[in-house]
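All remarks here apply to the structure that follows.
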Amino acid sequence: MSRRKTVLRRDQLRGMDCRGAFFLCLCFMTSQSETMDTSQEPLRCMRKLETVSRYRRPAPFPDIIRDLENSLLNASFRGNNLTLQTRSIQSLIFKLGCGFAGLSLNSTTMEEYSKAGVSHAMYFPAELTKDACRARPRELRLICIYFSTAYFFQNANSLVLNNYVLGAQLGQGHVSNLNEPISISFQHNQSLEGYMVTCVFWKEGASKHYWGVWSPEGCRTEQLSPSRVLCRCNHLSYFAVLMQLSQAPIPRELLVPLMYISLVGCSISIVSSLLTILLHFQARKQGDSMTRIHMNLHASVLLLNVAFLLSPLPATPPVPGSACTAVAAILHFALLSCLTWTAIEGFNLYLLLGHVYNIYIRRYLLKLCAVGWGVPALLVLFLVVESSAYGPCTIPVSSSQENGTGFQNMSMCWVQNRWVHSILVMGYGGLTSLFNLVVLVWALRVLQRLRARNGVLNPRACRDSVTVLGLTVLLGTTWALAFFSFDVFLLPQLFLFTTFNSLYGFFLFLWFCSQRRRSEAEMETEMERFSSSQTML
């Protein structure tokens, strides 16, 4: 009886061991299937994006890309990293600790890009995990997503270099304002000479027509060679290099003298414009409408010079993008106002000569101010509200090196939309310059007929000729030099345009002083005549 009980217990234990082994096997298989499912979820998102890109199907791009990011952050895998790849998308996942010492990634991407000679590289500094570990020490996930198509990040103004977009994200947090920037290198198999390249990141929610726009905020562009571009950015996002057709870059040897000419010339013009305005308000007699038109022109020139000197400062990464946008909008407004007031000067000159110094229009100055200040303000406000036309604008600069020619772009806050620049900068300036040139030619012909009618060189007619020539040349003609920035004209155009237009306010100050001295001389002559007539009586 006891032997039978012993055998029964042994059978029960064997059954329990089998059931336990079966349960452990079932748990292991379940965990394995969960691991496979979590690692297969990013692949499903990547294949979905592949299908959308290949057949150009309309789809909610941000939702699909966020699903891909979340699935990568939640994926389970053995080891410290995982690589997933489809035809045009590659995803990498890294497990990082608080002792992170930096990470360098070289291009081990798609076979088609290796054959084409196109490559990229990324470097993440040790500072990347400091803020996250300071808040709560834990294991972190760094994900990198490489797109070989720019279909999900459309841009109307420029081409994306290699159609390549590189993205990076650390956990669910937002990494920004790094002291040591993230470096992204793009290598192309052909020379990029003739193109202006700009490092940009994808800024979500910055456009009303799409789910984001490319922005250069927080990124610095360095063109190390004609085919290699290095981007240094102080935050994590999706990065790319935009290409725009451009003229030859400015030689670095000429950049320093041009900057000194601009700085000295604009500073002199600022002081001259301030003196002119102060002298005008100091005078007891505020003058006629013509003098007040001159003062409005001086005010616009003063604002233009101040905004121009401030424009490079907010373009650096530590300054928020809204400050650069504001400075660029003010600079554009000042330029449009200055050009408009030069056209008003030409229009007023036409009325003075056409009506033989006798003209009266009700509320004439108020109407001119509405045009001179109101029209530019409406145009700039429309651009600020309706589009992202303002921001950091890159200036290509070349420098001679021992192993060839290097390229490094400079930035200033200015109009970055090429259509806005073509229409509301070059087009606007061209129309005002052409109008003033036509008025100049017409005015000189009128004064020539007056001299011929008198039969002798009338001193007043000569003085009028000098006045008209000086006024109209200074008020608009020098802006026409902007249209000669090509081929052999580029070098002289740079120096002439920079010199004349930076000293623009100083030339107007000289003209104001000559006109004031002339009016004082005429007043003294009239007083002498009046005194002599009183003496005779």
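Every residue, even glycine, has its Cβ placed from backbone N, Cα and C.
TrEMBL: automatically predicted annotations, no manual curation.
For 90-249, the entry in TrEMBL reads domain 'GAIN-B'. The domain 'G-protein coupled receptors family 2 profile 2' annotation in TrEMBL covers 258-516. For 258-281, 293-310, 330-353, 365-385, 419-444, 465-484, 490-513, the entry in TrEMBL reads transmembrane segment.
The list of residues near the transmembrane segment (258-281) in space but at least 6 beyond its ends in sequence, with Cβ under 8 angstroms from a Cβ of it, reads 250, 287, 291, 295, 298-299, 301-302, 305-306, 308-309, 494-495, 498-499, 501-506, 508-509, 512, 516.
Sequence-distant contacts of the transmembrane segment (293-310) (same chain, six or more residues past either end, CB-CB distance under 8 Å): 262-263, 266-267, 269-270, 273-274, 276-277, 280, 327, 330-331, 333-335, 337-338, 340-342, 344-345, 348, 365, 368-369, 372-373, 475, 502, 504-505, 508, 512.
The highest tally of CB pairs under 8 A with the transmembrane segment (365-385), across 330-353, 419-444, 490-513, is held by 330-353.
Here the transmembrane segment (490-513) has Cβ contacts under 8 Å with residues 247-248, 250, 254, 258, 261-262, 264-266, 268-270, 272-273, 275-276, 279, 294, 297-298, 301-302, 305, 470-471, 474-475, 478-479, 481-482, 484 of the same chain, all six or more residues outside its ends. Averaged across the domain 'GAIN-B' (90-249), the predicted model reaches a pLDDT of 80.
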